[in-house]
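According to TrEMBL, the features are:
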- 15-194: domain 'Guanylate kinase-like' (DOMAIN)
- G22, P23, S24, G25, V26, G27, K28, G29: ATP binding site (BINDING)
Amino acid sequence: MTSSKNGYPASQDKGILIVLSGPSGVGKGTVCSALRECSGTDLIYSVSATTRSPRQGEVDGVNYFFKTREQFQHLIENDEMLEWAEYVGNYYGTPRKFVENTLNSGKDVILEIEVQGALQVKQKFPEGVFIFLLPPSLDELENRITGRGTESEDVIRSRMSVAIDEIKLMEHYDYALVNDRVDYACSRIQAILTAEHCRKDKVYSKIKQWLER
Ligand SMILES: Nc1ncnc2c1ncn2[C@@H]1O[C@H](COP(=O)(O)OP(=O)(O)OP(=O)(O)O)[C@@H](O)[C@H]1O
Ligand SMILES: Nc1nc2c(ncn2[C@@H]2O[C@H](COP(=O)(O)O)[C@@H](O)[C@H]2O)c(=O)[nH]1
């Protein structure tokens with residue numbers, strides 16, 4: 001018999017949709033990479049589309065699908081986006097089909113997105129797990145975004161000024177955790193995922209065949 005992650009029989013259950021948000025520079029990407037490393041093929045990362053220019057080392061189709069504004073507009077008009085938002089002068093969005101197909105195949109999917117987009121996803125997938133990542137302090141947030149060295153001073157200022165508005169919206173999330181250390185944040189998210197997989201309705205759908213004998 002094939003068994004699923006929690007030791008129960010495999011079923012045709014959909015995967016869990018995890019949405020990870022938090023202000024720019026808090027460490028979403030870093031935590032997400034660490035999480036993917038320790039979760040292997042059990043957790044699939046959704047690659048977003050954006051109109052922002054690639055940073056040094058970023059690869060099209062790996063970090064983002066880099067699009068012109070016209071191409072992005074076309075994706076929206078063709079209903080190819082699960083959600084999209086304009087953030088500090090650029091468009092960002094989640095390709096819909098990849099997420100739906102992966103969830104239907106039973107795999108968990110993680111989206112690393114900003115708050116306006118996360119709220120759109122919540123409308124469409126209220127059963128998703130919404131996690132908000134906080135910095136240890138606002139000074140540390142600024143240190144991280146500045147220390148990354150990828151944004152101009154103007155862009156850093158704009159991103160810091162929307163950070164407070166984003167944090168105000170954390171009440172719409174299911175969980176909030178501090179990214180003090182990457183390994184701690186990663187363990188906390190894994191604990192959340194384990195608990196979500198052990199929700200009784202999830203487990204019940206896996207063992208209900210036992211009751212139908
Ligand atoms: N727990 C941590 N402690 C110290 N530094 C961290 C931690 N997590 C991430 N960083 C550093 O903070 C910087 C920003 O991290 P990262 O790029 O992952 O943030 P992000 O939230 O994905 O940003 P954005 O939303 O702009 O894409 C990076 O230089 C990263 O190495
Ligand atoms: N609504 C969405 N937001 C997204 C998506 N992909 C990334 N993001 C968020 O945008 C900001 C800026 O990202 P950066 O790579 O330019 O630093 C950050 O908060 C990302 O999480 C998306 O598909 N939809």
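Positions of Cβ are set from backbone N, Cα and C atoms, glycine also.
TrEMBL: automatically predicted annotations, no manual curation.
Filtering G22, P23, G25, G27 by Cβ distance to ligand 2 (under 6 A) retains none of these binding-site residues. Only G25, V26, G27, K28, G29, of the binding-site residues P23, G25, V26, G27, K28, G29, place a Cβ under 6 Å from an atom of ligand 1. Taken residue by residue with DSSP, G25 (ATP binding site) is part of neither helix nor strand, so it is coil.
Non-local contacts of G22 (ATP binding site) by the CB criterion (under 8 A, 6+ apart in sequence, same chain) comprise K28, F132, L133, L134, P135, E166, N179. All protein chains shown were included, and the count of other CB atoms within 10 Å of the CB of K28 (ATP binding site) stands at 21. With a 10 A radius on its CB, G27 (ATP binding site) counts 23 other CB atoms from all the protein chains. With a 10 A radius on its CB, P23 (ATP binding site) counts 25 other CB atoms from all the protein chains.
Non-local neighbourhood of S24 (ATP binding site): V88, E114, I145, R159, V162, A163, each in the same chain, at least six residues away, with C-beta under 8 Å from its C-beta.
Model confidence over the domain 'Guanylate kinase-like' (15-194) is summarised by a mean pLDDT of 96. Using a 10 Å radius centred on the Cβ of V26 (ATP binding site) and all shown protein chains, the other Cβ atoms total 26. Most Cβ neighbours within 10 Å among the binding-site residues G25, G29: this distinction goes to G25.
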